[in-house]
């Protein structure tokens, strides 16, 4: 309970930042900015979810976009009105074309399904180590994508699944991201998180000390899958339309660039990276459409956003491997700063220390 | 020939070598002694460029090599047989030796050296086509030395050449080192086996906690039980 | 009978293609612990080089083939020089993510400067025909690809056992520090490894393009994914494992292709990966892997 209370306190700074962003967007934003703000919160939820696995286990995952897809499609299939479903997926297996649920049970079921899939896949992934596990996550992404695009009776194949009731708004996104941050911090500071982080620094030593590394990786993987799934739920219930490509490569490297730029070792890093990339990709998106700036007519350049995201990853890896925050949390930085300020005010005390 | 002035080596916040100054003259065998963890391996590794020197200066034949990368130092004629031998276990004896000479441009002299060392270490001739992993520890140590010699160094540093070997083999390796000295090779030998090493060295340095605590002629150190006891704790051994 | 022979040569050629790609990945990985996610982009760049050469100054499609291979070699060496050198001694995950970034950069640069749509690549017409071989009609591409794979693997073995560079590469895979203590330049060994991996990728690219007849920015992903899986299946870092893994994967694919009912044929890749996953649960270090920690050097 103590840990929960502490974590709640430690969530205050990021929560305050997020609330400020939400209020700013809702107060002054046009519909376009509100949309961008919502997408920001969706991505934030997913990136923080991804941080739970990558940050604690030190293993890269290319597969998490699949979890957002699984959750999004589950919500879509459960929630879409029967009338529409008869045209969209008339031959759905398990009589799913005749079932419709309310928002809350749909969302809970979606997260549950995602969790179960994550657990089962995690049984395999957590057995593999290092590079093998990372390639395993990539194979998982491809498998899920192949299933989405080929199981036409259930997922409509490569075509879009539309008509999902639009029930969520920016406040949902804000709420989900704050919960995600809380969960990620709770896990990071829990016994499990501490042990898992220790094991990612030195696997053999941790194993020798009796840390059940495989089980901790499985727990982190499953939990992080569910949180990323929550992002998928937000996506489906806000856009109303989803397609397999929404949960494939572009989403994977967007999340990856966000997490790595901020620094995958801390939850604050995930938040920080998502904010920077969200702002940056708005700029590149403007450039992509070929605007007229300072009297110069720029040509259309599709692919510019992707180009920059890739470049961000390469540059961060080369010059600041631990990301902007280098694994620090906002609170740590805050504590450091206040401590330094106090020391500046009392130079005599500092001298005594020496 | 080799001269270190005020050399330090850091691993993060840990200082493994603190301001060591040391000289090796041409044709000498110098022993570098000291207990486990004294910083001996760190020191020779930094001289040859495997770990970065954090402070001070290393000169070899009058040239500053403090920031020169490993390959460049070896090309200048200074090399190291690392601790634990580290022969390429999956490669044959022949291939190990060939790698030692990989950067040489004079095939005739290389061939001549190869024959010289195969005569010097007959066991390697015998096992020429076997994989190095099939050699015993002593044989691997000989291979490691021969491999280092194949790059035609003018100075060789040996890190614990006697580690884990039977006394008879240790004697043989020390004999070989005297032979190499006769052919003009300068050597710096890191050893824990102090009394043995002093028997064939000209001078000695004793390192403790990263600093030089004694330097002098090898026979003075070996002759004084008090010194041996004080610095190496092996007065009787 | 003819059907069986046709499927067999098909399996060999597909397996050979995966083996070429997997070998290139494994050589680089064994030496510097880097999983080159951008390996597939070597294929793509080779293809674009063919497209541009054909559109500008090369009339004879046969001449396009060496251009493709050469481009892949040069691109691989440039990747090393520009992107991978700064992360050379970093943990494997850092290298993998860097390569992932490189791959995205190349793909999107091609989208920006060329186009998303596929571009045609002319291939010598004789490569697309069939030839009679012992009374059976077999596609020329598949026979050539099988033959080229055998030659490339033989050449690789010669390189690794007969040349100083090859010896240094094998030694560097075990203990890079001592290789440098032999006075051998680390940069040269690593650049050599990338050149070899680029050559193998370029060779595979020739055949991939001969089959597709077109190039697009994302075409490298699927082949490299297969090569990853082949490497993991064979045991990451082992060259023999990479070749064997590629061959097994190719055979598995062709067998599934031939036996799966048509309504589940679209799931073929998913099924292949699931089977490989099952094999790895049974043997987490891969078929030929022996290391305690997969993917970590001792």
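Glycine residues also receive a Cβ, built from the backbone N, Cα and C atoms like all the rest.
Automated prediction, rather than curation, is the source of TrEMBL annotations.
Among the features that TrEMBL reports, transmembrane segment is placed at C:18-35, C:64-84, C:96-116, C:136-160, C:189-210, C:225-252, C:264-282.
Among the stretches C:64-84, C:96-116, C:136-160, C:225-252, C:264-282, the one making the largest number of Cβ pairs under 8 Å with the transmembrane segment (C:18-35) is C:225-252. Through the fold, the transmembrane segment (C:225-252) approaches residues 11-27, 29-30, 35, 39-40, 153, 156, 160, 173, 272-273, 275-276, 279-280, 285-291, 294-295, 297 of its own chain, all at least 6 residues removed from its boundaries and within a Cβ separation under 8 Å. Same-chain residues lying 6+ beyond the ends of the transmembrane segment (C:264-282) with a Cβ under 8 Å from its Cβ atoms: 229, 232-233, 249, 252-253, 256-257. For the transmembrane segment (C:96-116), the most Cβ-contacting stretch among C:64-84, C:136-160, C:189-210 is C:64-84 (pairs under 8 Å).
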